[in-house]
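A quick write-up on the structure given underneath.
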Ligand SMILES: NC(=O)C1=CN([C@@H]2O[C@H](COP(=O)(O)OP(=O)(O)OC[C@H]3O[C@@H](n4cnc5c(N)ncnc54)[C@H](OP(=O)(O)O)[C@@H]3O)[C@@H](O)[C@H]2O)[C@@H](O)CC1
Ligand SMILES: [K+]
């Protein structure tokens, strides 16, 4: 699914109005109805509903929502903030329609207002939407602060008031919603950790913007939904050779869990065979834990000490739990991989951070799976905010011609063509030891089976999160562990 900018959404809006064709007031009606359809599933009409509206089209949406909820028997209290005579055309029309049915309270500077105290109340935020063009200050900032302090659930229409859709939001007044119901597509702001409190949970509702126009819109940002996930077909005439032979370098004395988890995850994701390279004293642990594995035994008793021949494998993963003892052997390893499908994780990434000149040895489309701290060490610098981080991430993937899965909530997969794909699955229970090793195993499996590297990365991240979500359902986010993710791979 594409993530489009405010300007692009405005164009889509205009295109839809002109070509469907549909009058803009009716498009607003459709948007308000889509919002209401979702809202009523969360808060029924036993909730007192207080709606704060600005005087632009986001406020217009709020007024239309107020009318619709009133008609559904909700106890609705509507505030309009600012001088309503300066409102947008569709705002004014919806003001008229609402005033025929229900009271509207106009608030301007220095007016007293009382926020609901009733426990069973919900606030709807329709002060600003995508038209925000500067930080909010003065009277409106005070209102926002007071709304946030009520402790009541808040549902934002389209986007939290005060939050910029496509750029970093400075520290100023921003609504902190429980839930955002956004129109058509998520905004780029929703995927930035710095905005966690200004987004809450979110959902995108279809308001029927032109599909032709959406197809043509160019963007580098995408959101991976189930519709984009297409597993390779498995022929009934297949044998284990059909699904590739993966090679994994993982584990060291005391860190064998990483090798076990990545190996198991690789097998559970459909690979034909896997050979895992481990130090001599670690063989029993691996072979007892995963009888299906073929073991390639290192000369060294305890840690990674170089690999001699891996030409026959379809894809190679390197790094989980290998330790940081032997960077020269890591360099030697990279020199032997010019045409390999390769994924590098964990200690392998730390090596690359220590010796950035080794990055040029990576084959095109190599997949790296850093978490933010590892990514910082890889690029040798930090960032001011999450939007800058995204720019750096995209530029790095383009300049090095590699794929980077920057792990976190909505893991961002950056491709060599500059695109960034945000993941839609996963939960906080996956922030647990070994979870990254499982991801490496899954992506390795997909690479060995012949998925193109971009798809292996995007789909690997997606399936990892999906299995994590199932694990959280079966247990809980708190108690799930990395092995549970593997058990829920399907
Ligand atoms: N696109 C679509 O497909 C559809 C969109 N729809 C809805 O329209 C919403 C966008 O509406 P919108 O463009 O009227 O902007 P909105 O956010 O209401 O702001 C209004 C005005 O406020 C001003 N202003 C800005 N910042 C300010 C500040 N800090 N402090 C004070 N004032 C400030 C600024 O005017 P200015 O002061 O610059 O003249 C701005 O123009 C969108 O989020 C969605 O809900 C749906 O109805 C249908 C389909
Ligand atoms: K809003």
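Quick reminder: no glycine exception, Cβ is built from N, Cα and C everywhere.
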Listed in TrEMBL for the K(+) site shared with 58, 161, one of 11, 13, 125, 206: 125
To which of 418, 429, 434, 436 does TrEMBL also attribute binding of AMP at the site defined by 407, 408, 409, 410, 411? 436
Entries of 60, 407, 410, 436 (binding-site residues) sitting next to ligand 2, with Cβ under 6 Å as the cut-off: none
Rounded to the nearest Å, what's the C-alpha distance separating residue 409 (AMP binding site) and residue 130 ((6S)-NADPHX binding site)? Just drop the number here, would you? 24
Got a sec? Which of 57, 133, 161, the binding-site residues, have CB under 6 Å of any ligand 1 atom? 57, 133
Tell me, by DSSP, whether residue 58 (K(+) binding site) is helix, strand or coil? helix
With an 8 Å cut-off on Cβ-Cβ distance and a minimum sequence separation of at least 6, pull the same-chain contacts of residue 125 (K(+) binding site), or say none. 52, 147, 154, 155, 156, 157, 160, 161, 175, 177
If you draw a 10 Å sphere around the Cβ of residue 130 ((6S)-NADPHX binding site), how many other Cβ atoms fall inside it, taking every protein chain shown into account? 23
